[in-house]
Amino acid sequence: MAANYSDDIGPMAYPMKLVSSEMVEHMMGWNIPEEHQAMVHAHWRSFPAVSKYYHFILALIYTMLMVTSLVGNGIVIWIFSTSKSLRSASSMFVINLAVFDLMMMIEMPLLIANSFYQHPIGFQLGCDVYAVLGSISGIGGAITNAVIAFDRYKTISCPLDGRINKVQASLLIAFTWFWSMPFTILPALKVWGRFVPEGFLTTCSFDYFTDDQDTKVFVACIFVWSYAIPMALICYFYSQLFGAVRLHERMLQEQAKKMNVKSLASNKEDASKSVEIRIAKVAFTIFFMFVCGWTPYAFVTMTGAYGDRSLLTPVATMIPAVCCKIVSCIDPWVYAINHPRYRAELQKRLPWLGVREQDPDTVSNSNSVTTTQSHTPTAEA
């Protein structure tokens with residue numbers, strides 16, 4: 001029995017020693033085996049270990065996000081891929097964005113399991129799998145938003161000869177997947193950069209803490225590739241698009257005054273253009289969410305490489321990561337709320353959702369008839 005106690009305490013003091021050992025404050029990374037300690041950067045070791053209750057709360061949040069995303073993005077893919085009224089080149093980009101968002105959700109079961117173990121399952125291999133899924137979905141989703149902005153700009157500014165056909169759409173979709181590969185494959189193979197745990201040490205991303213020139217250049221390049229370039233393209237195409245939208249609406253207003261009608265959609269072609277404008281507004285909303293979701297994370301990575309690292313606490317680092325996941329969940333519901341043809345299909349196929357939307361083609365025809373009837377007496381007079 002004496003072997004169970006230390007030399008400086010007796011049997012009566014042993015229970016107090018047990019309590020005191022449980023109250024010892026562990027530091028981040030304490031539960032990762034010695035052979036995998038190289039995964040954890042020294043920056044994280046300077047913080048006390050996060051309470052298990054924070055891990056459980058994060059797991060609960062990710063579980064809700066995962067269910068929401070699977071349902072929302074699953075419905076988007078189902079509706080857009082099987083509805084005749086939505087079989088267009090533009091719809092192919094929406095499906096592609098939903099696929100990237102779903103890929104981001106695939107990593108969530110890993111995060112949930114990691115939260116209960118309080119370290120990455122599989123350690124380096126599990127970390128690589130998690131980060132590869134996040135890299136492909138994040139970079140792919142960013143460039144897909146830029147492609148959607150380009151498609152909306154072409155469709156609305158040049159409605160007759162500017163529409164992208166399905167072959168061109170397929171090539172652009174292949175381009176988005178190609179775009180996401182370099183900064184996924186290189187760190188996964190440790191050719192340039194690497195994937196490491198971050199935040200609570202239950203999520204993984206590319207290394208932005210190692211203090212050497214190679215890492216700093218890698219962080220700068222991936223920032224430009226995955227954030228700055230898509231952002232610049234999106235801003236350019238939307239600025240051009242809304243210029244075209246303002247010009248078109250001004251022309252419709254002038255036409256309505258001349259024809260003495262209330263509706264700006266004086267015929268089916270104009271009604272179709274109004275539908276396109278609504279879709280463009282949806283796309284702009286998704287762009288706004290992209291900015292809100294990925295700008296904080298871009299700030300974290302650039303701060304880790306070039307700024308004041310003391311700002312990057314485990315909790316502060318996890319907030320931008322959660323924002324990225326929330327955006328991927330909200331995307332499909334934005335389409336459900338605003339896309340007229342999508343809402344019409346939801347009403348037909350899933351009436352229990354309570355969506356109410358008239359078929360845009362029916363509305364266009366009735367508008368055309370109403371406009372003709374309103375205009376005829378004026379002409380006769």
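Cβ atoms here come from the backbone N, Cα and C positions, even for glycine.
Model, not experiment: these values are computed from the prediction.
According to TrEMBL, the compositional bias 'Low complexity' annotation covers 362-374.
Computed over the domain 'G-protein coupled receptors family 1 profile' (72-335), the whole-number mean pLDDT of the model equals 85. Annotation source TrEMBL lists domain 'G-protein coupled receptors family 1 profile' at 72-335.
The annotation region 'Disordered' is assigned in TrEMBL to 357-381.
Same-chain residues lying 6+ beyond the ends of the transmembrane segment (53-81) with a Cβ under 8 Å from its Cβ atoms: 91, 94-95, 98-99, 101-102, 104-105, 108-109, 111-112, 115-116, 118, 200, 202, 315, 318, 322, 325-326, 328-329, 331-333, 335-336, 342, 345-346, 349-350. Residues or ranges marked as transmembrane segment by TrEMBL: 53-81 (among others).
Residues annotated as transmembrane segment in TrEMBL: 93-117 (among others).
TrEMBL lists 129-150 (among others) with the feature transmembrane segment. Residues 90, 93-94, 96-97, 100-101, 103-104, 106-107, 110-111, 114, 120, 122, 172-173, 175-177, 179-181, 183-184, 187-188, 195, 203-206, 225-227, 229-231, 233-234, 237-238, 241, 283, 286-287, 290, 294, 324, 328 of the same chain lie 6 or more positions beyond the ends of the transmembrane segment (129-150) yet place their CB under 8 Å from a CB of it.
Summarising the annotation, TrEMBL assigns transmembrane segment to 171-192 (among others). Long-range contacts of the transmembrane segment (171-192) within the same chain: residues 92-93, 96, 100, 128, 131-132, 135-137, 139-140, 143-144, 147, 150-151, 164, 206-207, 214, 218, 221-222, 225-226, each at least 6 residues beyond the stretch ends and with a Cβ under 8 Å from a Cβ of the stretch.
Residues of the same chain lying 6 or more positions beyond the ends of the transmembrane segment (217-238) and with a Cβ under 8 Å from any Cβ of it are 138-139, 142-143, 145-146, 149-150, 152-153, 179, 182-183, 187, 192-193, 206-208, 284, 287, 290-291, 294, 298, 301-302, 304-306. Under the heading transmembrane segment, TrEMBL lists 217-238 (among others).
The annotation transmembrane segment is assigned in TrEMBL to 282-299 (among others).
Among the features that TrEMBL reports, transmembrane segment is placed at 311-334 (among others).
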Long-range Cβ neighbours of the transmembrane segment (311-334) (under 8 Å; 6 or more residues past either end): 28, 43-44, 47, 50, 54, 58, 61-62, 65, 68-69, 72-73, 75-76, 97-98, 100-101, 104-105, 108, 137-138, 141, 198-201, 203, 205, 282, 285-286, 289-290, 292-294, 296-297, 299-300, 303-304
